[in-house]
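Visitor: There's a structure below that I have some questions on.
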Amino acid sequence: MLRLVLLLLATDFAASDDSLDSSDSQLIKRSQFRTPDCHRFDYPVCSKHLSPVCGTDMNTYGNECTLCMKIREDGSHINIIKDEPC
């Protein structure tokens, strides 16, 4: 009976491990993150132009300028994962 339970657990673990392999292809590699170009923005005001970006902190920012404002205020290091909402 114990062998059967262990065999079922091992089979279930192997199946879940396969699903991890298939989802790895959907993950974004760190080398693909884009560094925001914060030098091109005039502070302390950003335009209201909506062009969402997804930061590496998994927050969506209204545009690259608002992400740069967050970096400037907090001193945090946030890159851009993609040019659309998270």
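Yeah, the Cβs are placed from backbone N, Cα and C, and that goes for glycine too.
Feature table excerpt (Swiss-Prot):
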| type | residues | note |
| --- | --- | --- |
| DISULFID | CYS38-CYS68 | disulfide bond |
| DISULFID | CYS46-CYS65 | disulfide bond |
| DISULFID | CYS54-CYS86 | disulfide bond |
| DOMAIN | 32-86 | domain 'Kazal-like' |
| SIGNAL | 1-16 | signal peptide |
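So where do these features actually land, and what's packed around them?
Guide: Neighbours of CYS68 (disulfide bond), defined as other CB atoms within 10 A of its CB across all chains, total 20.
In sequence order, PHE41, CYS46, SER47 are the residues of the chain that are 6 or more apart from CYS65 (disulfide bond) and have a CB within less than 8 Å of its CB.
For CYS54 (disulfide bond), the count of additional Cβ atoms within 10 Å of its Cβ stands at 19 [all protein chains shown].
Taken as a whole, the domain 'Kazal-like' (32-86) shows an average pLDDT of 94 in this prediction.
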Visitor: Using a 10 Å radius around each Cβ and counting other Cβ atoms from all shown chains, which of the disulfide-bonded residues CYS38, CYS46, CYS86 yields the largest count?
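Guide: Highest number of other Cβ atoms within 10 Å: CYS46.
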